[in-house]
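**Student:** Quick one: the structure is below, questions incoming.
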Amino acid sequence: MTDRFRITLAQLNPTVGALAANAEKAMAAWQAGRAAGADLVALPEMFLTGYQTQDLVLKPAFLRDAMAAMAALAAQVVDGPALGIGGPYVDETGSYNAWWVLKDGRVIARALKHHLPHDDVFDEMRLFDQGPVSDPLRLGPVALGVPVCEDAWHPDVAGALAAAGAEVLMVPNGSPYRRGKLDLRRQVTGARVAETGLPLLYLNMVGGQDDQLFDGASFVLNPDGSVAVQLPAFEEAVVHVDLERGAADWRAVPADIVAPPGDIEQDYRAMVLGLQDYLRKSGFSRVVLGLSGGIDSALVAVIAADALGAGNVHCVMLPSRYTSQGSLDDAADLARRLGARLDTVEIEGPRAAVEGALAHVLAGTAPDVTEENIQSRLRGVILMAISNKFGAMLLTTGNKSEVAVGYCTIYGDMAGGYNPLKDLYKTRVFETCRWRNATHRPWMQAPAGEIIPVAIIDKPPSAELRENQTDQDSLPPYEVLDAILERLVEGDQSVDQIVAAGFDRATVKRIEHLLYISEWKRFQSAPGPRLTTRAFWLDRRYPMVNRWRDQS
């Protein structure tokens, strides 16, 4: 008779610190697995606490509560399958990132994370102790090896588990999204399968946490490297995977394969889910934003409507004497197509009042960016008042290009609690708007069709803080600016390297200077979803005071 083993993969969305709620989700998955005849129900890395916890796991009281919650969960796991779930483990030897296996009312095994990532968004070397490579776990007919997340990115752990008799690799993860990550995971895990000859189940969590998105997209590889099962990206899923022992090895029975979305859709889904979860997990259900008639605020409004429904999106137009009729018309047109509320609050009176109050202080000076920024800051004051009064989170709308070079006003258009575009360059803003106009998915809560007026996409970008202003008065064309920024930020290239690629040296050096002198602004900027390898927060940590410039 052929040996069989059923694993329920629970690709779910935990909340950091919500121990009881996360345990309840785990038990619901366990009950679903029990009803389906599973032998093991698996949840992702650090699921009980949520992930990433950052310094929360350095707090003894939190670790105490997490350990108590795990013990209480174990007591419930009776008369059914084993439950594998991530959570911290503390003993006299240290504090570990562990994957616990619970069965028959007790803890039957733990796999401790061996390789602690200390790059990009991770600082696990300061949070956890390095665990030894755990022995394979025997569950019924199968010997299960458990490399925890980063462990699968190195050949030694999987190799040691295979040498110790593991027959299947179960990899629980908290692997955050960035562009290209889905393909990279397949390459890395495919290498582990090729090295060991073992099938591999890759289980990732899903959901937003602060600036990070966990995109799910879990999968199962057979010993020949073929994909047997592929779970959806960016949504919860509970899937039952059947393993069968053949003459030579265990193999997964092929089942549903959900094709991953394309690059633009992945980024867009990340922005929508990031906003959705940041609000939900923070206790908000509505947003407010300044709708200028420009492309950035238009895209943020649509992202918000797709995440929350248009009825929970409050748009506010805040015109001054410099606001064009075209911008007024475009903002109204977008709100109408979206079905969102639009209010208009004039700022000309407040602007005149502030400038009048400052007249004796500024006497003898020529108007400059100071007066322009008063307009932006007045808008921030008004929007924050609406946010406070109605309990709606204020969204800020600056794209990565603007945030990179400081083309934004601190305490003005930077005011807000979350920025969906923080890691999206301006050229990609245009691409994303065109894509959204041509695309609709069942998970989008806003209407289908050409929801962003073409006039908004086609007109030259402008802050409209003075007569006849365009962004290109102060910046190179966005195609040039973004190409230079990607080389400086994501590529860490030198000035010489960028010039060798065909860019003007003076322009490159100016952009480099703007990037460095804007660090203090970014330090005070709202969080936003990480889409690239170098988002402006944990990925890229530069000093605010920095006199060095590349002289190459």
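Positions of Cβ are set from backbone N, Cα and C atoms, glycine also.
Pasting the feature list from Swiss-Prot:
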ACT_SITE  GLU45  active site, proton acceptor
ACT_SITE  LYS113  active site, for glutaminase activity
ACT_SITE  CYS149  active site, nucleophile
BINDING   SER175, LYS181  L-glutamine binding site
BINDING   GLY290, LEU291, SER292, GLY293, GLY294, ILE295, ASP296, SER297, THR397  ATP binding site
BINDING   ASN373, GLU402, LYS521  deamido-NAD(+) binding site
DOMAIN    5-245  domain 'CN hydrolase'
REGION    275-552  region 'Ligase'
**Student:** Measure from the Cβ of THR397 (ATP binding site) and count the other Cβ atoms within 10 Å, all protein chains considered.
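**Tutor:** The answer is 27 other Cβ atoms.
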**Student:** With an 8 Å cut-off on Cβ distance to the ASN373, GLU402, LYS521 Cβ center, who else from the chain surrounds the deamido-NAD(+) site?
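**Tutor:** Apart from ASN373, GLU402, LYS521, the close residues are SER376, GLY398, GLY406, TYR407, CYS408, THR409, ILE410, GLY412, ASP413, MET414, SER518.
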**Student:** What is the set of residues, excluding GLY290, LEU291, SER292, GLY293, GLY294, ILE295, ASP296, SER297, THR397, whose C-beta falls within 8 angstroms of the centroid of the C-beta atoms at the ATP site?
**Tutor:** LEU289, ALA298, VAL300, ALA301, ALA331
**Student:** Does LYS113 (active site, for glutaminase activity) have same-chain partners at least 6 apart in sequence with Cβ under 8 Å from its own Cβ, and which are they?
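**Tutor:** Sequence-distant Cβ neighbours: GLU45, TYR96, ASN97, ALA98, TRP99, GLU124, PHE128, GLN130, GLY131, VAL148, CYS149, GLU150, ASP151.
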**Student:** I'd like the Cβ neighbour count for ASN373 (deamido-NAD(+) binding site), meaning other Cβ atoms within 10 Å of its Cβ, all protein chains included.
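**Tutor:** The answer is 16.
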**Student:** Averaged over the region 'Ligase' (275-552), what pLDDT does the predicted model reach?
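**Tutor:** Taking every residue in the region 'Ligase' (275-552) and averaging pLDDT yields 95.
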**Student:** Let me make sure I understand the structure: which of the binding-site residues listed (GLY290, GLY294) has the fewest other Cβ atoms within 10 A of its Cβ?
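**Tutor:** Selected from the binding-site residues GLY290, GLY294 on minimum Cβ neighbours within 10 Å: GLY294.
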**Student:** CA-CA, which of the binding-site residues SER175, LYS181, ASN373, GLU402, LYS521 lies nearest GLY294 (ATP binding site)?
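**Tutor:** Answer for the nearest of the binding-site residues: GLU402.
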